[in-house]
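Feature annotations, courtesy of TrEMBL:
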TRANSMEM  B:12-34  transmembrane segment
TRANSMEM  B:54-70  transmembrane segment
TRANSMEM  B:77-96  transmembrane segment
TRANSMEM  B:102-123  transmembrane segment
TRANSMEM  B:128-146  transmembrane segment
TRANSMEM  B:158-187  transmembrane segment
TRANSMEM  B:208-237  transmembrane segment
TRANSMEM  B:249-267  transmembrane segment
TRANSMEM  B:274-295  transmembrane segment
TRANSMEM  B:301-319  transmembrane segment
Amino acid sequence: MKQRYLPLTATILIFILSYALCVAQYPNMLSTRVIGNLLTDNAFLGIAAVGMTFVILSGGIDLSIGAVIAFTGVFLAVVLEHGGMHPLTAFALVLTITTLFGALMGAIIHYLEMPAFIVTLAGMFLARGMAFVLSIDSIPIKHPFYATLKGLYYKLPGGGRITLIGGLMLLVFAVGILIAHRTRFGTNVYALGGGAPTAKLMGVPVAGTTIRIYAFSGLLAGLSGIVFSLYTSAGYSLAAVGVELDAITAVVIGGTLLTGGSGFVAGTLVGIFIQGLIQTYITFDGTLSSWWTKILIGLLLFAFILLQKGIIHLSRPDRQHA
Amino acid sequence: MTSIGRTYLMRLLPQLIALATVLIGISIVFPGFLNLEIQNDRLYGSLIDILNRGAPVVLLAIGMTVVIATKGIDLSVGAVMAICGAVSASLITSGHSLAETLLITLSVGVFCGIWNGILVAVLDIQPIIATLVLMVAGRGIAQLITEGAILTFNDPGLIFIGSGSFAGLPMPVVTWLIFGIIVALLVRQTALGMLIEAIGVNRQASTLSGVFTPVLLIAAYVLSGLCAAIAGVIAAADIRGADANNAGLWLELDAILAVVVGGTSLLGGRFSIAASVLGAIIIQSINTGILLSGFPPEFNLIIKAAIIVFILVLQSPRFRSAFTFVNIPRAAGKPTEREAK
Amino acid sequence: AELVVGFSQIGSESGWRAAETTLTKQQAEQRGIDLKFADAQQKQENQLKAIRSFIAQGVNAILLAPVVATGWDEVLQEAKDAEIPVILLDRTVDAPKELYLTAVTSDLVHEGSVAGKWLAETVADKPCNVVELQGTTGSSPAIDRKKGFEQALSGHDNLKIIRSQTGDFTRTKGKEVMESFLKAEDGGKNICALYAHNDDMAVGAIQAIKEAGLKPGKDILVVSIDAVPDIFQAMAAGEANATVELTPNMAGPAFDVLATYLKDGKEPPKWIQTESKLYTQADDPMKVYEEKKGLGY
Amino acid sequence: MQTSSDNILSAVRIEKGFPGTKALDKADFHLRRGEVHALLGENGAGKSTLIKCLTGAYRRDGGSILLDGAEVDPRDTFEAQRLGIGTVYQEVNLLPNLSVAENLFLGRQPRRFGMIDTRTMNRMARELLAEYELELDVTRALANYSVAIQQVVAIARAVDLSGKVLILDEPTASLDAHEVAMLFRIVRRLKARGLGIIFITHFLEQVYDISDRITVLRNGQLVGTRETTDLSRRDLIAMMIGRELADEIHAPHAATTEGELRYRFRNYGRRGRIQPFDLDVRAGEVIGIAGLLGSGRTETAEVLFGAHRADSGTAQIDGHSVELSSPRAAIRQKFGFCPEDRKTAGIVGDLSVRENIVLALQASRGWTRPISRAEQNRLADQYIRALDIRTADREKPIKLLSGGNQQKAILARWLATEPEFLILDEPTRGIDVGAHAEIIRLIETLREKGMSLIVISSEIEELVAYSTRVIVLRDRAHVAELDGDRITAHKIVEAIAAANERGAA
Ligand SMILES: Nc1ncnc2c1ncn2[C@@H]1O[C@H](COP(=O)(O)OP(=O)(O)OP(=O)(O)O)[C@@H](O)[C@H]1O
Ligand SMILES: Nc1ncnc2c1ncn2[C@@H]1O[C@H](COP(=O)(O)OP(=O)(O)OP(=O)(O)O)[C@@H](O)[C@H]1O
Ligand SMILES: [Mg+2]
Ligand SMILES: [Mg+2]
């Protein structure tokens, strides 16, 4: 077992273990419905979290994604319902906008040497503000093309479905994994996370990479917004509040270090599943009050982190010879 | 001494300029803004409102500054505010004396800090995630105490903390002023400040130099918890009720923003309490300014974003080195003016 | 077998909502219903997840208090496919009517107009500058209560909304925003009435008015919506003038129609509107307060 | 301003200023094809700055750079690499989180169908390192390997990148004789291929061993360029420090009068790090520790200081048992420890020189008893003077000091605590000749005052100069002890070599 895969393995183990525990208590949780739901319901979060993984791997953070998702939804709703544009054109347009928005934040972070936390926080205000300005109402999207897209799913035995957006999330993860581990850009992202000044000395194009990272995150946030608008058939400026925190949590549960430079895109997927599992478990239980729900989520989060630490600690031999 | 005073002023200069700019901007849009008058034995006016409304964020920013200086972050402060507000309300309504209530409430804040601190310093969990646990669970705990309702109280003593006045200033302002001065003196008149900065810059080297890192880290989170507790009491006292659902909601982001506007680097190290307090006041000025401006609320966020970006760009190292009209010592440790001569 | 009902609640963002949750649980218990409760923490995606897992669990019926009107078609269709009736609580959705059994809600626009009518009648012909504390920007109560109020005021040219800002449905923000209204309008001398989208903001604003040295309820009329217990205390003290009730007991009627539907398949009407009752200082506020106190507000 | 045609790289009147410092003042530098050109100077003379200006890591304030006679202006190191300039910067500048192979091929990974061909990359990495007699798991993160190995990897990368020019900024600081010899073999091969090689070091033997010409900088200005064969050691030192240096290396001591036995470690060790050893230290003794890379010298120091807690054995001071469970506990017993890796374990980069110097003293006093500002200034000034730390003033953030001066400031940090037992891990690494002599003299003085010292060094000459006893390590165990007349370079090398296989390999 390679040491760098340890956190990932730990996370996967924890997921399998807790899923088994859940099933032991609620046998229904093994149904294909639950598995299909896990994919569909978390699709937008998963897609955004892939972008977040890259950002965090590079040592940054992107707080704007929730707001960008909301903006994308409202934008689509407005142009589709009031502008009469074809959804595909609108998709292309909105993805261009969010990508440029991300790139702009990346450029500010790099050229003005400002911390990502703050730049993207301002980005969050701005994106949500733009959504408000476009429309404060929630606008339903009734375009027939949406219905077509939503009609695309693969029915599993037992009533579950792999929907288009669920499949799209898996695809995005696959692409993300390839980019992270099999392209120079991916290695450069890790390099930035290992230390920007050093990476610069080693000839990594820091400016370009930073801009591309945030542009990529913006692109995926936009894609996530499209998925969200498909998911809810609407655009709403208050949608997806706090998604950035969920995404960060998924990334970190997935074994990526927030300090950057170490982690896996695949881990994020497991992180997403773990979070989804917690929620499913809580709904299956159904006896928790609002407050106990929060407390339990917090405690489970804590338990996962501890467990992960424990597994890594136990299986790491004292720094040894090569 | 004067040279230290001058360094100090230079450190605060960008924040002072930003604050002045914002205030002038508002008074152009809203002319009566700078008026101050005495009413019911206390100063009354928009400027006082800013200081008063800013109290929770100022307090949170004080604790957050120290945590950030250690290279940490505390996302739980909003939730801790809610918990402490709820605790104080439920204690006072169940007949405890004001002193008991305050003591227990502050202890709860301290306890929350210890919890965070242990997670970070002993269990070595990344601060953002360690404090996320309490951020999520904490609001649940607060709601558990109030059962989701607003727990109203009528104790004049507790209410005084929120809306009384002392020496012509609202109590919240007096509280944060005194508390801020105490903390600033505590960190600067003792060696705490330097040791905390050392930990933030290089924890390993500090430990090897004999700095008692775990204890200081925990202390930083305890301070943050304490600040959140005070802020929570003030927020509850202000509305005479503990609103566990909304008290301190998203205020952690405002506090972090205040610290950054105050020029303290999120990467830890050099910090200034005074600058963070100014940062918080700047943010509150923006908020109040937006309210006074009379724009429809849809524009609130955009205006806020624009002003913050503007201020941050002005403060960014790149921008400043491009326009070296003022060569101000940066928190991150850019050379000081004195060297340049 | 025991009836299993899933309840997807928005979250717990206000005392009113906590009361609704409490009452729903009480009502379920009284009827021997096994209530599966899911708190969505103000997020639609969590509600969608909750409904899907209710379907996966095979509950007998679902109660849904939707956080937003749009975006429910698909999941409602899934519930329908699984033959699980869905009843909407407290807000309606923007979906074909056949997708849900019924909606037990008040009419948000109507609430706003009740408040507006009361104000118009009370002020009569005198000129009156109104300030408005809106709910969370973009939320449907904020939009509709604003709309209803404005409708009621149209035609009364003496009534003018001079300032309108969001107070996020919270006391703290209500107080803060009211403070700035008072500053902006000549220490409050310009303001004749306050309309708040919920009682919590009104309670905060009342404190701000008092601290500014004015008398709420007299110098500035206060009208708000929800009828939570604390506003009755304020009314008893003469500091608030009127409130429009939004009953937190939506579940009672919902369970009733559900029972008949499940028993003999009788489709209820698509909308069961709850009463938007107006309370004023004349309605013995302290008595109402005592009644409401224990309901979990 | 003649640029002879066989100059491959010329730097003309390069200027670079930092606030408070003129790091380069119209410095000229010419590198010929097929030569090894040593760039020398005291700590802070501007050597690294010149290199960084040449490779675009810094924007220079003035002057021009010619590569192959054509003016070039590398905007960043990436461009410099493309121009065929490979560089090893001072302080290993590699990415600890990336694998060894990724570090070697960052930015030029072999690709197939647009995707990185990891297998080929790893194979190439293994082949590349084989030239340096390193057999590593190239897929493991670099952080798993010692500084020395990292340095070899950095060299391998730079060599592989250098089409025309190879720049080595103190590449041998962490290397032992064996690796240095290997490096020099490679350098000679590159030289034969016509590359120009810039070599920065403070080891004068190495300068005379490998270089063809020498350029000396002082205070950012060019002092001169000479043929190595024409320049005596004495003249070279005079060029560097601007004055004559008193006897450079002392004669080995006669066995000194024995002080009382103060520190007694029995069966002391930590599993997986250092095998249990016995150690007695007297007052006024300097114990040198010798060994190959990875032999456990640093581990010995860390266990003694409590940075890693010993899991076996006992420690006694003056006959009383003590628990050295943490650095704090050790410091309470008046221990001090200058770590080897100054960047990550030594300096607190953003803090000023003053604060770095008082840090340990303040920490041991506790936070409630702050050292007054005046006292801090006094201490800082005292040590800046005593150790000749070159800094614009004491408030300069220490990360802006040159490497050697940082090292001196860390030493000052410990001297300020007036320790009785001082552990120095590679105290002279990266320190110029003048300072080198000063530090050796300092060690002498401290010993004479009755301090007990443990000094780890890869420079055997140096150990011979100041040690009263030398302990030799091999494979994480103490294997030999030399004292008195037996402390000679020859005997130490012999003891180290007594192992038939190398260190940890
Ligand atoms: N980024 C910087 N900011 C300010 N001053 C700097 C910076 N980098 C270097 N200096 C200063 O420039 C001078 C030259 O430093 P440089 O690192 O080039 O010295 P050096 O010759 O490489 O020394 P050493 O042998 O110790 O490595 C020093 O006085 C140093 O303090
Ligand atoms: N040749 C090697 N091959 C693989 N790993 C090595 C090798 N040499 C050292 N290491 C690793 O580097 C670490 C550092 O070893 P240590 O600090 O004990 O060395 P040292 O004797 O102090 O030598 P130096 O300080 O000069 O590197 C060891 O823990 C070991 O894992
Ligand atoms: Mg150097
Ligand atoms: Mg070593």
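Just so it is clear, glycine is given a Cβ too, placed from its N, Cα and C backbone atoms.
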Self-check item: Residues from the same chain, set at least six apart from the ends of the transmembrane segment (B:301-319), whose C-beta lies under 8 A from its own
Solution: 14, 17-18, 21-22, 257, 260-261, 263, 282-283, 286-287, 290, 293, 295, 330, 332, 334
Quiz prompt | Result, the transmembrane segment (B:158-187) in contact with the transmembrane segment (B:102-123) (3+ CB pairs under 8 Å) | solution = no
Exercise. Quickly jot the same-chain residues contacting the transmembrane segment (B:208-237) by Cβ under 8 Å, restricted to those at least six beyond its ends, or write none.
Key: 55-57, 59-60, 62-64, 66-67, 69-70, 72, 74, 76-78, 80-86, 88-89, 102, 105-106, 108-114, 116-118, 120-122, 131, 158-163, 171-172, 175, 179, 183, 192, 195-196, 198-199, 243, 247-248, 251
Quiz item: How about the transmembrane segment (B:77-96) and the transmembrane segment (B:12-34): do they have 3 or more C-beta pairs under 8 A, pairs 6 or more apart in sequence?
Solution: no
Quiz item: With the transmembrane segment (B:12-34) as the reference, which stretch in B:54-70, B:158-187, B:249-267, B:274-295 has the largest tally of C-beta pairs below 8 Å?
Solution: B:274-295
Exercise. For the transmembrane segment (B:249-267), could you work out the same-chain residues 6 or more beyond its ends whose Cβ comes under 8 Å from its Cβ atoms?
Key: 11, 14-15, 18, 56-58, 60-61, 63-65, 68-69, 71, 73-78, 81-82, 135, 200, 231, 275-280, 282-283, 308, 311-312, 315, 330-332
Quiz item: Are there residues at least 6 beyond the ends of the transmembrane segment (B:54-70) whose Cβ is under 8 Å from a Cβ of it, and what are they?
Solution: 77-78, 81, 127, 172-173, 175-176, 179-180, 183, 187, 196-197, 199-200, 216-217, 220-221, 223-228, 230-231, 234-235, 248, 251-252, 254-256, 258-259, 262, 264-266, 268-273, 276-277, 279-281, 283-285
